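Asks: Shown below is the structure under consideration.
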Amino acid sequence: MFFSAALRARAAGLTAHWGRHVRNLHKTVMQNGAGGALFVHRDTPENNPDTPFDFTPENYKRIEAIVKNYPEGHKAAAVLPVLDLAQRQNGWLPISAMNKVAEVLQVPPMRVYEVATFYTMYNRKPVGKYHIQVCTTTPCMLRNSDSILEAIQKKLGIKVGETTPDKLFTLIEVECLGACVNAPMVQINDNYYEDLTAKDIEEIIDELKAGKIPKPGPRSGRFSCEPAGGLTSLTEPPKGPGFGVQAGL
């Protein structure tokens, strides 16, 4: 097949153009550590294969109960919940904890690494006692989540990705947490705090500093995710069994 000189020159130009972009992309990825903490492990004094970790006797019993939920010979299916158990015990997941999970479940360590590096809910770096996760995806952003993030940073004196010197708070941004109807919202450890204002999040932080756990849920007075102006349907308790059924049936 023959191409004109102009077409060949155009193709060569496009190849060079995209080649530069690919090279720049690869260079950027390498500079950032191929995804930073997500994909790369480098031994540190606090995170290496010799970092002490073992499950407590109570958690070994929990692991036995978890494994029983899966068919015999399929312990590998329990990797996610057992990793979560390790994180709850230790606060985060050093590589030694991943190795222990692999040992307990009798799977290759790589199978555990694959899971721990894929899901961002696993913390592969130490985090504070209270892990503040601010949703900044579109619905929350449209409901002024930026003001929530700014208020937290100002209140704690830290930036996104940082931990307070007293190790009490870690602040990160996250993608959608599935509570768009209650935007803006944040997740702190396992709890959702919704319908927030800057004042609300400051009060929540004050309570946490005082050692109290604020009541989760909407801060606007809503019970759940009903319309802000009040219920428009389902305004009374549901009828009992048999309601509306033809007599005699």
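Every residue gets a Cβ built from N, Cα and C, even glycine.
Got these off Swiss-Prot a minute ago, pasting:
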type    : residues                       : note
TRANSIT : 1-32                           : transit peptide
MOD_RES : LYS61                          : N6-acetyllysine
BINDING : CYS135, CYS140, CYS176, CYS180 : [2Fe-2S] cluster binding site
MOD_RES : TYR193                         : phosphotyrosine
REGION  : 213-249                        : region 'Disordered'
Asks: I'd like to know which of these binding-site residues, CYS135, CYS140, CYS176, CYS180, is least surrounded, judged by other CB atoms within 10 A.
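Replies: The binding-site residues CYS135, CYS140, CYS176, CYS180 were compared, and CYS176 has the fewest Cβ atoms within 10 Å.
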Asks: Under a three-state reading of DSSP, tell me whether CYS176 ([2Fe-2S] cluster binding site) is helix, strand or coil.
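Replies: Assignment for CYS176 ([2Fe-2S] cluster binding site) reads coil.
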Asks: Setting CYS135, CYS140, CYS176, CYS180 aside, what same-chain residues sit with their Cβ within 8 Å of the center of the Cβ atoms that define the [2Fe-2S] cluster site, listed in sequence order?
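Replies: For the [2Fe-2S] cluster site the neighbour list reads THR136, THR137, THR138, PRO139, SER145, GLU175, LEU177, GLY178, ALA179, ALA183, PRO184, MET185.
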Asks: Would you count the other CB atoms within 10 A of the CB of LYS61 (N6-acetyllysine), including those on all shown protein chains?
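Replies: Total other Cβ atoms inside 10 Å, all chains included: 11.
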Asks: May I ask which residues of the same chain, at least 6 positions away in sequence, place their Cβ under 8 angstroms from the Cβ of TYR193 (phosphotyrosine)?
Replies: MET185, VAL186, GLN187, ASP200, ILE201, ILE204, PRO214, PRO216, GLY217, ARG219
Asks: To the nearest whole angstrom, state the Cα distance for the pair CYS135 ([2Fe-2S] cluster binding site) and the residue listed as 'N6-acetyllysine'.
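Replies: Given the Cα positions, CYS135 ([2Fe-2S] cluster binding site) is 35 Å from the residue listed as 'N6-acetyllysine'.
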Asks: Expressed to the nearest Å, what is the distance separating LYS61 (N6-acetyllysine) and CYS176 ([2Fe-2S] cluster binding site) at their Cα atoms?
Replies: 34
Asks: Any idea what DSSP makes of CYS135 ([2Fe-2S] cluster binding site), helix, strand or coil?
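Replies: SS state of CYS135 ([2Fe-2S] cluster binding site) = strand.
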